[in-house]
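Below you'll find the structure, written out as structure tokens, and then a few comments.
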Amino acid sequence: MGLNLLSICRRGLHTSPARLQVIQGVAPTKRICIVGAGPAGFYAAQLLLKQLSDCVVDVVEKLPVPFGLVRFGVAPDHPEVKNVINTFTKTAEHPRLRYFGNVSLGTDVSLKELRERYHAVLLTYGADQDRELELENEQQGNVISARKFVAWYNGLPGAENLNPDLNGRDVTIVGQGNVAVDVARMLLSPLDALRVTDTTEYALEALSRSQVERVHLVGRRGPLQAAFTIKELREMLKLPNVDTRWRTDDFSGVDSLVEKLQRPRKRLTELMLKSLKEQGRASGAAGSKQFLPIFLRAPKAINLGEMEFSVTKLQEDYAVATDNTERLPSDLILRSIGYKSSCVDSDINFDTRRGRVHNTEGRVLKDTEKIDPGLYVAGWLGTGPTGVILTTMSGAFAVAKSICDDIAANVLDTSCAKPGYDAADKRVVTWDGWKRIDQFESEAGKAKGKPREKIVSIQEMLKVAGV
Ligand SMILES: Cc1cc2nc3c(=O)[nH]c(=O)nc-3n(C[C@H](O)[C@H](O)[C@H](O)COP(=O)(O)OP(=O)(O)OC[C@H]3O[C@@H](n4cnc5c(N)ncnc54)[C@H](O)[C@@H]3O)c2cc1C
């Protein structure tokens with residue numbers, strides 16, 4: 001179909017036909033916009049491009065650089081996890097995909113505008129806030145979120161000035177998920193192991209001066225409810241010069257329950273019990289650091305240099321506070337109790353309480369029940385901030401499939417052409433621009449024996465991208 005045959009929906013839209021873009025001679029009949037270039041966005045794009053041979057997918061990303069938490073969340077010493085970037089790159093280089101970096105929904109473009117310019121909009125902008133303990137003194141300087149600490153060592157623009165105070169001996173991490181363990185590992189790992197990763201140079205420098213010796217990893221519930229997984233625990237147990245010390249009382253009665261547990265939980269519990277049994281025999285060499293998982297403690301108060309916890313007991317699977325308390329020395333407190341999404345545009349039907357977009361299986365709801373045709377959500381923004389990349393992938397595939405189904409069932413009106421994002425006069429980073437940044441970072445890293453040295457300043461990213 002040639003351009004002159006396209007009928008253009010112009011309701012409220014002021015776009016000249018000249019601005020309609022045709023990629024490699026394909027007249028797009030279905031234009032889909034994905035907001036956010038993280039795993040959910042890329043996996044959804046992959047399925048859409050495969051299933052809909054006449055669609056064009058535009059990815060709009062707030063930062064000049066793609067990959068979301070794969071770049072800014074996944075721990076630098078887990079490079080194998082970052083291999084998904086190769087798959088995302090293949091998708092991004094598909095001739096029917098366009099990447100618009102440095103374009104933020106809610107600031108540079110509104111949802112209303114995107115909906116006018118596309119047949120379908122899929123929101124996958126993730127979770128960029130964190131849940132709070134809601135304790136007094138939580139805003140004081142020595143309490144920071146694990147999210148910010150992760151962003152700091154991973155070079156998220158804006159996080160470089162965090163300056164976590166690593167001059168004290170004791171760090172208390174509240175929360176026991178894998179993010180909490182990542183943070184503990186970064187604090188306790190030998191520096192030489194981190195120097196060969198893409199940890200930012202300023203973080204390496206700060207960690208080299210760190211006085212931290214003990215990391216407490218505190219959870220409300222017991223060992224049978226621990227949220228970290230076996231791979232992450234194994235890594236902690238293998239860290240050189242670090243003793244893991246469990247509390248025997250936390251494991252009371254656990255032995256007898258092991259046989260009844262489901263396999264992953266059983267293996268994790270067996271590993272904890274094995275480590276507990278062996279800890280008396282650990283050498284505890286002078287100067288060694290300690291990793292101290294502590295169960296059945298709920299945060300109660302933050303005081304100068306210490307944190308107070310209620311001793312809890314389990315009722316069913318819930319932790320209930322008792323009258324007993326315990327104080328832990330805490331020079332630095334890292335809150336790691338979950339991420340939270342934010343509402344970036346007032347037209348988004350956002351569930352503030354749960355910190356995600358109201359939806360049913362990825363179809364965004366207009367009110368409590370009615371679906372808003374043409375608007376979708378996937379990834380952490382739709383499900384809440386849980387799940388690994390694989391979980392995000394399955395969810396994103398399912399939502400992309402729903403878009404295909406809705407198009408096939410004519411739920412979406414795709415009879416008239418849509419113009420897509422108008423990037424004119426904007427400082428947009430294209431995929432080629434990202435490749436220039438990528439090359440620059442890789443070369444800067446090579447000189448130091450690192451996979452890359454990330455650019456942290458947005459202005460510098462734009463400069464290197466040639467924008
Ligand atoms: C610290 C940490 C470590 C992790 N480690 C692992 C691991 O080792 N293995 C594993 O499998 N999983 C890991 N995960 C989980 C994994 O990162 C997530 O499952 C996945 O990234 C979620 O993908 P997403 O696309 O929903 O969100 P994100 O990855 O957050 O992507 C969202 C994208 O949207 C962009 N964006 C935000 N706001 C806007 C806006 N207004 N306009 C346009 N774009 C916007 C963001 O810049 C980002 O690029 C980890 C998570 C964290 C937090």
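Every residue gets a Cβ built from N, Cα and C, even glycine.
Features reported for this protein in TrEMBL:
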type	residues	note
BINDING	ALA40, GLU61, LEU69, LEU105, TRP380, GLY387, VAL388, ILE389	FAD binding site
BINDING	GLN176, GLY177, ASN178, VAL179, ARG220, ARG221, GLU232, GLY387	NADP(+) binding site
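Distribution of TrEMBL features across the structure.
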residue	record	Cβ within 10 Å
ALA40	FAD binding site	32
GLU61	FAD binding site	27
LEU69	FAD binding site	22
LEU105	FAD binding site	22
GLY177	NADP(+) binding site	20
VAL179	NADP(+) binding site	27
ARG220	NADP(+) binding site	22
ARG221	NADP(+) binding site	18
GLY387	FAD binding site	15
VAL388	FAD binding site	12
(message) Out of ASN178, GLU232, which of these binding-site residues shows the lowest number of other CB atoms within 10 Å of its CB?
(response) ASN178
(message) Suppose we screen the binding-site residues GLN176, GLY177, ARG220, ARG221, GLU232 by Cβ distance to ligand 1 with a cut-off under 6 Å; which survive, in sequence order?
(response) none
(message) Between VAL179 (NADP(+) binding site) and LEU105 (FAD binding site), how many Å separate their Cα atoms?
(response) 27
(request) Across all the protein chains here, work out how many other Cβ atoms are within 10 Å of the Cβ of ILE389 (FAD binding site). (result) 17
(message) Need the DSSP three-state call for TRP380 (FAD binding site) to compare against my parser.
(response) helix
(message) Here's one to test understanding: among the binding-site residues GLN176, ARG220, ARG221, GLU232, whose C-alpha is closest in space to the C-alpha of VAL388 (FAD binding site)?
(response) GLU232
(message) Taking DSSP as the reference, which of helix, strand or coil describes ARG220 (NADP(+) binding site)?
(response) coil
(request) For the FAD site as recorded (ALA40, GLU61, LEU69, LEU105, TRP380, GLY387, VAL388, ILE389), determine the largest distance between any two Cα atoms, in Å, rounded to the nearest integer. (result) 25
(request) Sort out for me which one of GLN176, TRP380 has the most neighbouring CB atoms within 10 A, since those are the binding-site residues we care about. (result) TRP380
(message) Measuring Cα to Cα, how many Å separate ARG221 (NADP(+) binding site) from LEU105 (FAD binding site)?
(response) 39
(request) Sorry to bug you, but what's the C-alpha spacing from ILE389 (FAD binding site) to GLU232 (NADP(+) binding site), rounded to the closest Å? (result) 15
(request) Translate the DSSP assignment of ALA40 (FAD binding site) into the three-state scheme. (result) helix
